[in-house]
């Protein structure tokens, strides 16, 4: 595997961006779709080749230096890539799921006037996402980190005539920037502490630190602020539900499968640092659990098909951070992978539904779609089972592994996790039943238009459904007499962390029977929720009430997302605006007042001084005498 | 001798422009600007970063043998000369679509301004520096006062008096330093570096320089002349002021303040740093609610320059290198943004965000150029703004963690006001003011394309420029740390 080919992995999507971006008014639609998709598929093929070469070469990580990017004094920031287990796994997800979503978009975006722009942005996103995971140091990660934020901004506001969409896009960018500042301060602390930003340097030097060293705690906290922004954790999560303003394939790729998992990638990448900072990990776990529960509860009452999935994503990301908090790095990565499959599938399925429903997103207007959209329905069903954690589908294995680790670590968080599972299963089956079961509740016109999506859209659905169904078998726990291939593969990543904090990596103390019990509980919870949802929405055929109907206070709070947006608006947005106006009108006026006063004072003094130049000899003699007296006084008395 | 050529060529070009008459003035001025750029690039190719000050000249000044007409180019001078000569032809070209009265005078003033700026950046004699520092004020004053907006008379007078007032402090400091030099006295800047001054003397000189340069940049709270002047001046004068002239202040800090009064820095640097950081936040917050696009960018420029100054006051290699690369980046971005405002204004006759909206629907080219310059200005990685902001913030953070974190708020606030600027003008429903809005003309693209290329060049391969300045910066820091 030559290095040139490796460089092509991010470069091909960049090339696709340039071709489509610069040439789209002149390129035929067919060519645009093919160029955009081919760039990513080729990248995927190259990723597989790299993966195989890596395995064949004895799984030895290596660095591909490209050029010196920023050199200042002692600080050298090279532009270089690092290939190891983690970057390879991310490569496979990004380019694999990315390819499917590109294919899907050919069908989904077919009628859109901005078709070329869309593919250009999507390719640019992949370029930055690949940089993020391929970089061999924190600053390259930061390039990708901000770059994907830009693409997210551009794609959320893709339909830029709509002011609400633009506001959603701006909100996403700014909120991410809050996290980015944390990331940046983390990098600065890393530079101050280690004198380098290269992972290899930083991690090897970190092994000289004690567990709990305040500097490491500081660094990990700063980095985690970045992760909270990008991966939509409390308190920086409110941008993600709004991000659903973007076209649905964007929600699938960026706001579910790849970009939002960057925070998890960052923590796993920095596992040496985090393993040295158990107090940070406590915080990570608590924030993750809180987010998992909080977002799931909001999902219970949402009626917009994409909003439900968005809160579900926030909640699932919370589970991943819960896992990280319990130092179950591989388990979290496992959930990143399975989540990429089933959540991308759910969004694409939702896209297929929206496509069929003539852009309707309210599930209260749907119902009974399973007959008209059989492929969409079946695949959506598989994804729903997978995310709910029902065996043997993918989500069961990964979520269960996280919960088992959390149980060992902190029983309270585990209870929260199980509660979250209960809600997850309920809101997902609620969504499934309201959309695909019962009778159609939309308009006649919509009913008339109902159709299954074209093959370019259903084929990706089917592939993702297969992956959601069987993807969990890469990590079957020992208790179920399987092999955890993923954990074995990722194990070398933690060598340094194991060395600095051996206790944290001791094998599980749970007995098999305990593990069975835990599995039993989470499966039972999921099934019970599914049954309740079935009774409510299929047997009783309940439909959520219209917005005009009066709700109880609690329902209202949940339905309005606990008024967090309103809270932020009152606490941050409005005061800053007021401050801006005050500074502009009063601050500037006041400073000018001083300046003018100074000018006045100067001219006044000048006027006074002018009087001394009276031209009268008597005055001068008088002044001279005064001066001599003053000097004498000074000399004699002091 | 190249230095002399660099200073004289724009003067000659300015005179020829003046003589060439109203019809040809534009073209002649552009050729003159390009010729200067050519000489600057040639100088760059001949330049050896490790060799210190090069291509110099020195003539004794009439009255006194110890004050001389002396200039030369080291790494720090070179990047600023490159910036000046790169931007001047673009500024000239950006004026092509306007029909200014007394065209020849207008363009020749721009060229005279260029000569003075190059003089400032290359002078190795303190009094020559002072001379150019003041001389640079004259052309831009006339540009603003003759071709400016309605309130120009009042605004430009304030600007003129304010900055002259500031420079007087510098003059006092320079004269004082001159008389401190041993023997027959010398006004070579490098002679000032050798002076052994008491902490009291250093404190006094520190503040004299600080006030002069703080007014020029401007830094908080000496900035109240700036937003009005930027807003009232014709776009080309605003470009000269913001793109190049404010760099004279930052340059002055680097060339005079740090190396001459290191102890003054040690004693008072923190206060200067705090003022700079206040300016960053203060300017950014005010920019958030501005409706006039020009004023919005003026405040953003004020915020950016605060960060450059903060980097210089950290007296670290990151801070200085960051300030230098940021001067290039800021010059490029701010000129591009002011030009885009000019384009929008010339088509819609309004600069108010409340009246604009939906421009992007008919302008794919303008949208892309605007977006790239905006990204540079909000310091997105791989654009020019990132390198400088990264280095500057890291230097402030290492100086003091809290100040660094506060200064870091600029990356959030910057995106708040910049994205608002873009959204309110380009996105959203189409306003009646932008009906029939035409995309960029060829000459407009000719201005924007070089800027955008530089946005990426500096962002992707900043070492081109960092390597030029590195030896000069480390030399300077040795003086500071001794």
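Backbone N, Cα and C define each Cβ position, glycine as well.
As given in TrEMBL:
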TRANSMEM  B:6-21  transmembrane segment
DOMAIN    B:64-118  domain 'NADH:ubiquinone oxidoreductase chain 4 N-terminal'
TRANSMEM  B:67-92  transmembrane segment
TRANSMEM  B:104-121  transmembrane segment
DOMAIN    B:123-410  domain 'NADH:quinone oxidoreductase/Mrp antiporter transmembrane'
TRANSMEM  B:127-147  transmembrane segment
TRANSMEM  B:159-179  transmembrane segment
TRANSMEM  B:204-225  transmembrane segment
TRANSMEM  B:237-258  transmembrane segment
TRANSMEM  B:270-289  transmembrane segment
TRANSMEM  B:296-317  transmembrane segment
TRANSMEM  B:323-345  transmembrane segment
TRANSMEM  B:402-422  transmembrane segment
TRANSMEM  B:442-461  transmembrane segment
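Residues 2-4, 6-7, 10, 26, 29-30, 33-34, 36-37, 39-41, 43-44, 47, 49, 52-61, 107, 110-111, 114, 117-119, 121-125, 127-128, 178, 187-188, 236, 239-240, 243-244, 247, 251, 254-255, 324, 327-328, 331-332, 335, 447, 450-451, 454, 465, 468-473, 476 of the same chain lie 6+ residues outside the transmembrane segment (B:67-92) yet bring a C-beta within less than 8 angstroms of a C-beta in it. Remote same-chain residues near the transmembrane segment (B:159-179) are listed as 67, 126-127, 130, 133-134, 137, 141, 144, 185-187, 192, 195, 204-205, 207-209, 211-216, 222, 225-226, 228-229, 252, 260 (criterion: CB distance under 8 Å, separation of at least six residues from the stretch ends). Here the transmembrane segment (B:323-345) has long-range neighbours at 76, 79-80, 82-83, 87, 90-91, 94, 235, 238-239, 242-244, 247, 250-251, 254, 293-294, 297, 301, 304-305, 307-309, 311-312, 351, 356, 359, 366, 369-370, 373-374, 376-377, 384-385, 387-389, 391-392, 425, 440, 444, 447-448, 451-452, 454-455, 458, 462, 465-466, 469, 473, meaning same-chain residues at least 6 beyond its ends whose C-beta is under 8 angstroms from one of its own. When pLDDT is averaged over the domain 'NADH:ubiquinone oxidoreductase chain 4 N-terminal' (B:64-118), the result is 91. With pairs at least 6 apart in sequence, the transmembrane segment (B:402-422) and the transmembrane segment (B:270-289) have 3 or more Cβ pairs within the 8 Å limit; the two touch. Note: the stretches the transmembrane segment (B:127-147) and the transmembrane segment (B:237-258) are in contact (3+ CB pairs below 8 A, sequence gap of 6 or more). For the transmembrane segment (B:296-317), the residues of the chain that approach it from at least six positions outside its boundaries are 214, 217-220, 223, 226-227, 230-231, 238, 242, 246, 249-250, 253-254, 257-258, 262, 265, 269, 272-273, 276-284, 286-287, 290, 323, 326-327, 330, 334, 337-338, 341, 353, 377, 388-389, 391-393, 395-396, 398-399, 403, 407, 410, 413-414, 417-418, 421, 473-474, 477, 480, judged by C-beta separation under 8 angstroms.
Among residues of the same chain six or more beyond the transmembrane segment (B:442-461), those with a C-beta under 8 A of the stretch's C-beta atoms are 86, 90, 93-94, 96-97, 325, 328-329, 332-333, 335-336, 339-340, 343, 365, 369, 372-373, 375-376, 381-387.
Taken through DSSP, the domain 'NADH:ubiquinone oxidoreductase chain 4 N-terminal' (B:64-118) splits into 36 helix, 6 strand, 13 coil.
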